[in-house]
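Quick look at what TrEMBL annotates:
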type	residues	note
DOMAIN	34-176	domain 'Lactate/malate dehydrogenase N-terminal'
BINDING	GLY39, ALA40, ALA41, GLY42, GLY43, ILE44, GLY45, ASP65, ASN125, ILE148, SER149, ASN150, MET259	NAD(+) binding site
BINDING	ARG112, ARG118, ASN150, ARG184	substrate binding site
DOMAIN	178-341	domain 'Lactate/malate dehydrogenase C-terminal'
ACT_SITE	HIS208	active site, proton acceptor
Amino acid sequence: MRTSMLRSIKSLATSPSSHILRRGYASEAVPQRKVTVLGAAGGIGQPLSLLMKLNPLVSNLALYDIANTPGVAADISHINTRSEVVGYASDAELGKALEGADVVIIPAGVPRKPGMTRDDLFNINAGIVKGLCEAIARHCPKALINMISNPVNSTVPIAAEVFKKAGPYDPKRLFGVTTLDVVRAKTFYAGKAMVPVAEVNVPVVGGHAGITILPLFSQATPKANLSDEEITALTKRTQDGGTEVVEAKAGKGSATLSMAYAGAIFADACLKGLNGVPDVIECSFVQSTVTDLPFFASKVRLGKNGVEEVLGLGPLSDYEKEGLEKLKPELKSSIEKGIKFATQ
């Protein structure tokens, strides 16, 4: 059974869609890179920290949360991979966790619970993100910020305003992680098109909630002859993926494991870009002029300075054009809500 499991991991590590489990530490000269996870003891933070420990591009892994982080760090530190792991807890240690970080991943915050309104969730998580970004601006202003904390459509604009207030703001270094939408779109498309999922690519644009998520199945590869009804159903399932998981968990959790995987994929892409790997392209919610909105998710080319190029949308189907116009008012409202919160 152990042999079978190791064979499966090896197979996953060599697939085109996943690079995070490759183990090439000894012989390859890779730069020293520090990754900090803020919210490392949470439902997303723990599996995300585990996946970052498995990434051979990471030399130092700093885990921060308000409680329980030393235990998580001790547990993960026993894994025989390259990175050294240190756990930090309490506000007093946040600066140490951030100092010298190349990439900061932020899954911190609370999931929506029964009886909690969206405004309740926004106010809690927005406050957490604002405080963490103020610390980032002080201790590692050059780091690439990977924002996972929801609502991403608002937390990324909050972060931008915090960084503007703190000093020179570099929009190339701030990312909203929308990779889970891409992961879902690839998985659902592969199942419907009956093609190997490892070969699938589907751009997902817009935002990171509900109808603001717009998978561009017309650009999916390999091409499949799907009906309009199938495309509509795939789009809705991608948009409602989070709800699907919450309902399956019967209110006892949300999409923590798949989000951790997606977060690790995007962080890996950022590290590759920093290390000079050419043509690293992922979808992300960034400051953008692709539409008339100040922030928008689309394909971006990653490099040594973060965003090297924000790529255009490409040709859209009539259905996708309609979806784009429908999402704009809601995304605009979420962006403005974040900016208003940060500037109050």
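Glycine residues also receive a Cβ, built from the backbone N, Cα and C atoms like all the rest.
Since this is a predicted model, take the numbers as computed values, not measurements.
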* From the recorded positions ASN150, ARG184, HIS208, pick the residue whose C-alpha lies nearest to the C-alpha of ALA41 (NAD(+) binding site). => ASN150
* Structure fact -> Across every protein chain in view, the count of C-beta atoms other than its own within 10 A of the C-beta of ALA41 (NAD(+) binding site) is 22
* recorded positions: ARG118, ARG184, HIS208 - member with fewest neighbouring CB atoms within 10 Å -> ARG118
* **Chain-internal residues near MET259 (NAD(+) binding site), provided their CB is under 8 angstroms and they sit 6+ positions away** => ILE44, LEU48, PRO107, ILE148, LEU180
* Structure fact -> Students should find that the Cβ of ASN150 (substrate binding site) has, within 10 Å, a number of other Cβ atoms equal to 24
* Number of Cβ atoms other than its own within 10 Å, given for ASN125 (NAD(+) binding site) -> 21
* Structure fact -> Rounding to whole Å, the Cα atoms of ARG118 (substrate binding site) and GLY39 (NAD(+) binding site) are apart by 20
* Structure fact -> CA pair GLY45 (NAD(+) binding site) / the residue listed as 'active site, proton acceptor', Å rounded to integer, equals 19
* **C-alpha spacing of ARG184 (substrate binding site) relative to the residue listed as 'active site, proton acceptor', in angstrom** => 12
* Structure fact -> Cβ atoms other than its own within 10 Å of the Cβ of SER149 (NAD(+) binding site), all chains, total 25
* **Summary of DSSP states over the domain 'Lactate/malate dehydrogenase N-terminal' (34-176), given as helix, strand and coil counts** => 66 helix, 28 strand, 49 coil
* **Maximum Cα-Cα separation in Å among residues GLY39, ALA40, ALA41, GLY42, GLY43, ILE44, GLY45, ASP65, ASN125, ILE148, SER149, ASN150, MET259, which the record lists as binding NAD(+)** => 18
* **Within 10 angstroms of ASN150 (substrate binding site), Cα basis - binding-site residues out of GLY39, GLY43, ASN125** => ASN125
* Hey, which of the binding-site residues GLY39, GLY43, GLY45 is the loneliest by Cβ count within 10 Å? -> GLY43
